[in-house]
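*Asks:* Residues or ranges marked as zinc finger by Swiss-Prot: 4-26, 32-56, 62-84, 91-113, 120-142, 156-178, 184-207. Annotation comment: Swiss-Prot describes 268-306 as region 'Disordered'.
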Amino acid sequence: MATFPCQLCGKTFLTLEKFTIHNYSHSRERPYKCVQPDCGKAFVSRYKLMRHMATHSPQKSHQCAHCEKTFNRKDHLKNHLQTHDPNKMAFGCEECGKKYNTMLGYKRHLALHAASSGDLTCGVCALELGSTEVLLDHLKAHAEEKPPSGTKEKKHQCDHCERCFYTRKDVRRHLVVHTGCKDFLCQFCAQRFGRKDHLTRHTKKTHSQELMKESLQTGDLLSTFHTISPSFQLKAAALPPFPLGASAQNGLASSLPAEVHSLTLSPPEQAAQPMQPLPESLASLHPSVSPGSPPPPLPNHKYNTTSTSYSPLASLPLKADTKGFCNISLFEDLPLQEPQSPQKLNPGFDLAKGNAGKVNLPKELPADAVNLTIPASLDLSPLLGFWQLPPPATQNTFGNSTLALGPGESLPHRLSCLGQQQQEPPLAMGTVSLGQLPLPPIPHVFSAGTGSAILPHFHHAFR
């Protein structure tokens, strides 16, 4: 790769343009002059001329946050901020007492004192120069020396100026400085910029109040936050998942917003139809069962009701006390089975007002209550064999009367007599009395004697 060394100072440059600009520092030539009538400054490169033209602009977009002083250029503001730095290192001149914030400014100031006394030697490299201006430019070159090898080097140099960049992309972005193409216009001050990031930075720092006022008028406040501070973002937090049907007793229903309370869940299309509410009479007897709750599952039957042997018992209620078949007075202590209404009971019965769940039996028994016609040809010993009855006694009370069956008398005749002698009413389950129950035939195998009616054990049927 061809290099261009300087014959005067020994510096080497990679491009011809950089070498030419460097030669201007030796020849004191300034080809780029300011066009302002009152300014006669000239510069060695186009870039430095354009940077100087910003000082003639009435718009000072760079403002100090400490003293509100404004500047045309950003580097001027940066140099000014060092005056407000409490940790700054001040370089004071021993001859005149003037202080500088940078080493370069301090050395240049010392070079002026040395040049006034006739000494044009560089204090850094001990190079002797011809004039004071050359000495100042030489001191500036020392400040622009290459950084240490540990840092990243700027290898990509601009073809139009002496600036170097880390990547070629930075070089292409820098080219707008040389082309002068400014396609980005500020909507507040009509200032134009060659790069979009420069316009964004200018808008945030200079017209932040105008942006806020415009956003308040249009109602678009969210876009203002993104424009002013891209790192600040508004994030909408979703509500935590919460069951809509939560009870108010847990103290969480009050914390839900009003929109959640107003939500209603529509049932699915294939959902089952809701259960019919219970009657008021059953709901009063069972307050724990809500009207909308499904009924509890029914218990399985102990016996197969489809069998022909037990088909007459299919319409009867489930298992009750077997001893009550022989003594009707035992049913006085049994609870009722959820009557739908007290008016549906048999007229011969009425609920006791003092004791809920008991039946007051009338003193007079209807004559047709136990007038049953039971054929004596059917054998119900398999059905009655599982009953455990007390041993035979000489006298057994059936209600308040005594029933005596002889060996030669038939059961229907004795049951008819029982209806005339019995003073206690028959058992009623719901609205069905004992005379209306479809009881199966009862065998007439009874032991002889003058005692009460004794139902036999299973082995008595084979005697």
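A Cβ is built for glycine as well, from the same backbone N, Cα and C atoms used for every other residue.
Give me the local environment of each listed feature.
*Replies:* Confidence annotation: the zinc finger (4-26) carries a mean pLDDT of 86 in the model.
Counting same-chain residues at least six beyond the ends of the zinc finger (32-56), those with a Cβ under 8 angstroms from any Cβ of the stretch are 21, 24-25, 72-73, 158, 160-163, 177-178, 180.
Mapped onto DSSP classes, the zinc finger (62-84) shows 11 helix, 4 strand, 8 coil.
Listed by sequence, the residues of this chain that lie at least six past the ends of the zinc finger (156-178) yet keep a Cβ under 8 A from its Cβ atoms are 14-15, 17-18, 21-22, 45-48, 50, 194-195.
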*Asks:* Find the member of 4-26, 62-84, 91-113 that has more C-beta pairs under 8 Å to the zinc finger (120-142) than any other listed stretch.
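*Replies:* Going through each listed stretch, the top one turns out to be 91-113.
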*Asks:* Can you name the far-off residues of the same chain, 6+ from the ends of the zinc finger (4-26), with a Cβ under 8 Å from a Cβ of it?
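*Replies:* Contacts of the zinc finger (4-26) (Cβ under 8 Å, skipping residues fewer than 6 from its ends): 44-45, 127, 134, 137-138, 141, 157, 159-162.
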